[in-house]
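Engineer: Once you've had a glance at the structure underneath, I'll fire off some questions.
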Amino acid sequence: MKVLVPVKRVIDYNVKARVKADGSGVDLANVKMSMNPFDEIAVEEAIRLKEAGKVEEVIAVSIGVKQAQETLRTALAMGADRAILVVAAEDVSTDIEPLAVAKIIAAVAKAEGTELVIAGKQAIDNDMNATGQMVSALLGWGQAAFASKVEIDGGKAKVTREVDGGLQTIEVTLPAVITADLRLNEPRYASLPNIMKAKKKPLDEKTPAEYGVDVSPRLEIVSTREPEGRKAGIKVGSVDELVSKLKEAGVI
Amino acid sequence: MAVLLLGEVTNGELNRDATAKAVNAVKALGDVTVLCAGASAKSAAEAASKITGVAKVLVAENALYGHRLAEPTAALIVSLAGDYSHIAAPATTDAKNIMPRVAALLDVMVLSDVSAVIDADTFERPVYAGNAIQTVKSRDAKKVFTIRTASFDAAGEGGAASVSDAAAATDPALSVWVSDEVAASDRPELTSAKRVVSGGRGVGSKESFEIIEKLADKLGAAVGASRAAVDSGYAPNDWQVGQTGKVVAPELYVAVGISGAIQHLAGMKDSKVIVAINKDEEAPIFQIADFGLVGDLFSTVPELTEKL
């Protein structure tokens, strides 16, 4: 069985996003970019399934700008076998929408004959939390979103999901899409020898047109602004002072 | 124009708070029909019919919808979609699972976590962990979106909407429910609680989280946690407050031993009054707190619990 793992190049988790003064978006020029943290977890899970003998091949795919090759090399250094880059944008500030991304992933999954897609649950830039669910809809597959535990056996995936109120365990028939939540695993760091080896692993470049997908946006981003700020209040010197301030504020 | 709103139904009961906030968010867009789906959904439908601003309630009572699986619920919504210009749901984990599937089946984009409805095509939503607010206009014929409930007040009681049955859609039969692991609690639900007490990495262990819980119980508050505390195993996952956890906006939010990572702030900074207790004077949480207390949480929190 082959597993397909979509990875996205996003602003690094530790960098604070800054809104451009003209309201046209978030400043991504000269900002450190990395693999979306949820996608790292997805890559890790796929590699662990391979190590456990449940899957034969791990294919990483990224849809976006040419620079996303770096992100794919990271996935390869972690242990993915090969990578596909679908170049769908020229400008780093162009975010291809989840629906178009999902259509491409679905087409890649069909073309490669994969039976499992493991995606991150959400990209930390657009925070849409949609692509995995959309891929499964487009393929007519089952979905197990927000996974914190995955067991593959006998053509089924038993997945524990993080939901409001606790955890839910479901069983999806393969082929299926799983999306990774934060606590599924702790992604490994790529070792230097593996980073070197990754440079020789195959990385194919494709276009959306080759998969017959139109990536024109459905949404127009009218403007981007900073959220309303919140002023720092006061420091209190003791618990007694805190209690009296809370009483004054009328919240206790 | 008409809106189909997926009511949040869990084990036969309506999550009134989440649903009523979503009703308020969408009522300007047209007549609101609330869909209540579940293995038992009649009493949820009854409750939904009383929310002010609801024009109609549809009940889909069928074992198929008993465990909130995405595929059958999405198929049901798609079967009803023809009559509506907008299809929405409160942004719960269930809806975040279901609505993107609905959107893809209808070949439209989804808008997640909408924090303001500007007009029939235009919405605001937070991106980059709440560090930016985007105004987006949809060109799609149908708008499919989830609503960040913390951004809206709940609609009142006093409606008298008609209730009718909706036929079940064909079961895609792609997944089956195995089990739920739900923590029973007498505390208020985190996203609708008027008061929330949250603990972070500073709490140090699962055992010492008890001091957070004691303060919460004294205040009649829900208990929350930072991602660091959840990742460290001090608190269960569904307590996580933050951009990837729950977004809350209570009247009082008490952050204990939480440094204030951007990710956490995105989930609570709309709270009315924020209290921060932290031993690190430089912790970023103090920059947004109304009342900050620098000190050891292991002595100050029990003292606070005592003196309230």
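Cβ coordinates are placed from backbone N, Cα and C, and glycine is handled just like the others.
Sharing the features that TrEMBL gives for it:
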type: BINDING; residues: B:Arg201, B:226-227, B:240-244, B:257-264, B:Asn278; note: FAD binding site
type: DOMAIN; residues: B:3-181; note: domain 'Electron transfer flavoprotein alpha/beta-subunit N-terminal'
Engineer: Averaged over the domain 'Electron transfer flavoprotein alpha/beta-subunit N-terminal' (B:3-181), what pLDDT does the predicted model reach?
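Structural biologist: Residues in the domain 'Electron transfer flavoprotein alpha/beta-subunit N-terminal' (B:3-181) carry a mean pLDDT of 97 in this prediction.
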Engineer: Neighbour count first, Cβ atoms within 10 Å, every protein chain included; then name which of B:Arg201, B:His264 tops the list of binding-site residues.
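Structural biologist: The largest 10 Å Cβ neighbour count belongs to B:His264.
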Engineer: When you measure from the Cβ of B:Gln240 (FAD binding site), how many other Cβ atoms are you left with inside 10 Å?
Structural biologist: 27
Engineer: Using a 10 Å radius around each Cβ and all protein chains in view, which of these binding-site residues has the most neighbours: B:Ile258, B:Ala261?
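Structural biologist: Its Cβ has the most other Cβ atoms within 10 Å: B:Ile258.
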Engineer: What number of additional C-beta atoms lies within 10 angstroms of the C-beta atom of B:Gln243 (FAD binding site)?
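Structural biologist: Its Cβ shell of radius 10 Å holds 25 other Cβ atoms.
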Engineer: Using DSSP and three states only, what is B:Gln240 (FAD binding site)?
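Structural biologist: Reduced to three states, the DSSP call for B:Gln240 (FAD binding site) is strand.
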Engineer: DSSP three-state call for B:His264 (FAD binding site): helix, strand or coil?
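Structural biologist: Helix, per DSSP.
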Engineer: Of these binding-site residues, B:Arg201, B:Gln243, B:Ile258, B:Ala261, B:His264, which are close to chain A by the rule of a Cβ under 8 Å away?
Structural biologist: B:Gln243
Engineer: Could you say whether, by DSSP, B:Arg201 (FAD binding site) belongs to a helix, a strand or a coil region?
Structural biologist: helix
